[in-house]
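Participant: The following feature annotations were taken from TrEMBL:
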type	residues	note
BINDING	ASP157, GLY191, ASP193	Ca(2+) 2 binding site
BINDING	HIS167, ASP169, HIS182, HIS195	Zn(2+) 1 binding site
BINDING	ASP174, GLY175, LEU179, ASP197, GLU200	Ca(2+) 3 binding site
BINDING	ALA335	Ca(2+) 5 binding site
DOMAIN	104-264	domain 'Peptidase metallopeptidase'
MOD_RES	TYR364	phosphotyrosine
REGION	259-281	region 'Disordered'
MOTIF	89-96	motif 'Cysteine switch'
Amino acid sequence: MKSYYKLCVLIALVVSGYTSPIAPPADEDRESIAVNYLTQLYGLPKQSNSDTEKRSSGMSLRLKEMQQFFRLKVTGKLDEETLDVMKKPRCGVPDVAAYSTFQGDYKWKKHDLTYRIENYTPDMSVAEVDDSIKRALQLWADVTPLRFTRLYRGTADIMISFGVGDHQDGYPFDGPNGLLAHAFPPFEGIGGDAHFDDDEKFFYRSPQGYNLFLVAAHEFGHSLGLEHSRDPGALMYPTYIHRDVDTFVLPKDDVDGIQSLYGPNPDETGPRPTPPVTPNKCDPKLVLDAVTMLRGEIMFFKDSFFWRSSPHRGTVEQHLITGFWPEIPGHIDAAFESPLEDKVFIIKGEKVWALYGYEMAQGYPKSLSMFRLPRKVQKVDAVLYDETSYKILFFVNKQIYSYNEEQRRLEKGYPKPVEVVFPGMKGKVTAAFQYQVVKNQMWVTLQKYDTSYDFRFWSLQNFSFEILIFKALHG
């Protein structure tokens with residue numbers, strides 16, 4: 001018993017889990033929110049009111065650490081953007097760098113591991129829980145020498161259980177919409193075990209609620225020795241993000257992390273799906289899928305991700321598309337904002353989704369034929385909305401179709417070659433949007449290289465994605 005308490009003291013520094021935002025009462029002020037957040041997650045010491053100056057200095061330091069981790073503007077001050085991040089759903093343990101391992105590099109000294117499911121949640125059938133756990137472990141086995149064998153009795157390396165409140169491990173759960181789960185790094189005794197809060201609602205396939213496979217796969221990363229990643233596309237990112245579980249492939253950041261501990265899978269016999277890589281906005285070869293305005297913000301889409309660029313915030317945030325809209329797949333074809341309808345339309349193949357602000361509009365997805373395009377058009381390359389005429393230009397191969405949104409009909413005389421509509425513009429257009437810089441209307445399109453089209457002078461200018469973001473931020 002004595003050794004068990006020593007173990008708990010050690011593991012208290014490295015226990016991992018998902019939590020909802022730390023939600024203080026409505027009457028608490030900004031500083032109280034920050035103090036609670038930084039005390040729980042960034043090690044801000046608890047001090048009395050007489051230590052005001054000392055606390056202020058310590059808080060500024062912890063704010064800088066937090067801002068650096070989330071790639072915010074590092075000021076050491078509690079600005080609105082920092083406060084917004086503090087209110088987001090996230091994990092309740094300290095944050096560290098990309099695919100870091102626990103302090104001391106906790107890892108299993110063997111490759112053949114056992115697991116046991118001690119009990120079940122009533123939210124799912126026994127078969128659904130078994131399958132979710134098995135697939136979550138297999139996700140890690142596929143890229144490492146690790147092999148997992150299930151036990152039905154006795155003590156396994158990874159003991160898996162569902163519980164509520166104080167479940168006798170020193171880390172009580174906090175009821176619905178709070179702590180989802182936690183896991184312990186490789187160690188004797190409780191090390192490697194994963195616990196799930198049975199006050200939460202777990203699902204097998206539904207995009208609503210919390211998918212057990214995704215939560216378990218994240219927790220098992222901790223059970224194997226991984227900490228959190230700064231990569232927003234990583235499975236080990238602190239916040240819960242819904243993903244398509246039928247097509248999910250372990251991202252490269254997670255593969256690199258787990259293989260740094262255990263090495264690659266020596267038994268691979270053929271090519272595996274390429275691990276998805278989080279796109280880098282600084283990549284000189286980056287070609288965007290779509291660009292659109294959304295109520296003053298500019299959104300840049302690439303693969304399964306999008307960047308939000310807001311002049312008011314002064315920063316660029318990167319997110320998974322499914323983290324905001326589980327219904328919308330990645331690798332979209334086009335997107336545009338319609339001020340007339342106050343909606344953003346997102347297109348992939350023959351399907352069209354609509355957003356009202358950041359909420360999904362009812363009645364979607366609809367068919368691409370809603371824009372009166374001919375049946376032979378089953379995919380578009382880009383869409384450009386002209387606010388001055390309410391015309392929507394659809395780029396299809398090297399032609400343009402013009403749709404009049406007010407009259408809800410295609411313009412006569414179309415399609416026309418792209419170069420006829422925009423003299424000098426050659427090549428395939430992949431993304432386009434209209435953006436006002438100072439007082440000049442500019443047509444901005446993204447082809448093989450980022451290019452701006454100045455409608456006034458019928459001229460092209462090349463510039464980088466970084467410059468495009470700078471213009472979006474500063475005008």
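Each residue, glycine too, has its Cβ placed from N, Cα and C.
Distances, neighbours, how buried they are, the whole picture for these features please.
Facilitator: According to DSSP, GLY191 (Ca(2+) 2 binding site) is assigned to coil rather than to any helix or strand.
Packing around HIS182 (Zn(2+) 1 binding site) is summarised by its Cβ count: 23 other Cβ atoms lie within 10 angstroms of its Cβ, all protein chains included.
Its own atom aside, the Cβ of ASP197 (Ca(2+) 3 binding site) has 28 Cβ atoms within 10 angstroms in the protein chains shown.
Of all the Cβ atoms in the protein chains shown, 29 others lie within 10 Å of the Cβ of ALA335 (Ca(2+) 5 binding site).
All protein chains considered, the CB of TYR364 (phosphotyrosine) has 17 other CB atoms within 10 Å. Reduced to three states, the DSSP call for TYR364 (phosphotyrosine) is coil.
Cβ atoms under 8 Å from those of the region 'Disordered' (259-281) belong to residues 99, 101, 105, 107-108, 111, 141-146, 224-226, 231-234, 249-253, 300, 302-305, 307, 316, 318, 465-466, 469 of the same chain, restricted to positions at least 6 beyond its ends.
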Participant: Fewest other C-beta atoms within 10 angstroms of its own C-beta: which of the binding-site residues GLY175, GLY191 fits that?
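Facilitator: With the binding-site residues GLY175, GLY191, fewest surrounding Cβ atoms within 10 Å: GLY175.
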Participant: Between C-alpha atoms, which of these recorded positions comes nearest to GLY175 (Ca(2+) 3 binding site): ASP157, ASP169, HIS182, GLY191, TYR364?
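Facilitator: That would be HIS182, nearest by Cα distance.
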Participant: Among the binding-site residues ASP174, ASP193, which residue has the fewest other Cβ atoms within 10 Å of its own Cβ?
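Facilitator: Least crowded of the binding-site residues ASP174, ASP193, by Cβ count within 10 Å, is ASP174.
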Participant: Near the Cβ of HIS167 (Zn(2+) 1 binding site), how many other Cβ atoms are there if near means within 10 Å?
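Facilitator: Its Cβ shell of radius 10 Å holds 16 other Cβ atoms.
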Participant: Near ASP197 (Ca(2+) 3 binding site) in space, meaning Cα within 10 angstroms, which of the recorded positions do we find among ASP157, ASP169, HIS182, GLY191, TYR364?
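Facilitator: Cα filter at 10 Å returns HIS182.
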Participant: Which of these binding-site residues is closest to LEU179 (Ca(2+) 3 binding site) if you go by CA atoms: ASP169, GLY191, ASP193, HIS195, ALA335?
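Facilitator: Answer for the nearest of the binding-site residues: HIS195.
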Participant: Other Cβ atoms within 10 Å is the metric here; tell me which of the binding-site residues ASP157, ASP169, GLU200 scores highest.
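Facilitator: Buried the deepest by this measure is GLU200.
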Participant: Going by DSSP, is ASP197 (Ca(2+) 3 binding site) sitting in a helix, a strand, or coil?
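Facilitator: ASP197 (Ca(2+) 3 binding site) sits in a strand per DSSP.
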